[in-house]
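Inspection log for the structure reproduced underneath, given as structure tokens.
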Amino acid sequence: MKFPSILLAILLFKPITARFTPLGIDEFYIKPCERKIVYTTDKHDKCLMRRLEIEMDTGENQGYVKCVFKEFGYLNGEGQFNKQALLKDYHQAGFKNKDKAVLESYDGCMKNYGPTPNAMKILDCVTKDKDFPKVINARRERNSDWKPDWIQAYCGVTKLF
């Protein structure tokens, strides 16, 4: 019988995802990066993208994350990750004594992936640090252009103001 073997194959197949729990990053709206989101993407997925809670390593997601990282100043012109820009954000958010821990966490994670320009892998490594959401939320608070207004918001209006 083919049906039981197909059912078993489906049950054993587990898609790989990067996020199982919310990061705690508030929704942000970066206008140039919105063009990277396919117009057919539903509101829930757009909400997750804007919170950097991206699960699948697709071309759309890579393009969006790469754009966000460029806007943050985390990628240089060659697409390489700028660790100093990340540390600068940590310092501005009040985490001045975490440089070594942040860099060790990032470098250790990237060692598993090997050298790669893949923005999704960089996102995975950057978000390993538990304080990264606080850093990004602090940066969002400093830049009012990154706060979506009620028309642009996909995640609800409770966290907008």
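The backbone N, Cα and C atoms fix where each Cβ goes, glycine too.
Not measured: the values here are computed from a predicted model.
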Of Cys47, Cys67, which cysteine does Swiss-Prot list as the disulfide partner of Cys33?
Cys67
Quick check: of the disulfide-bonded residues listed here (Cys33, Cys67, Cys109, Cys125), which one has the Cα closest to that of Cys155 (disulfide bond)?
Cys33
Packing count at Cys109 (disulfide bond) (other Cβ atoms within 10 Å of its Cβ):
17
Same-chain residues at least 6 positions away from Cys125 (disulfide bond) with a Cβ under 8 Å from its Cβ, in sequence order, are Ser105, Tyr106, Cys109, Met110, Tyr113
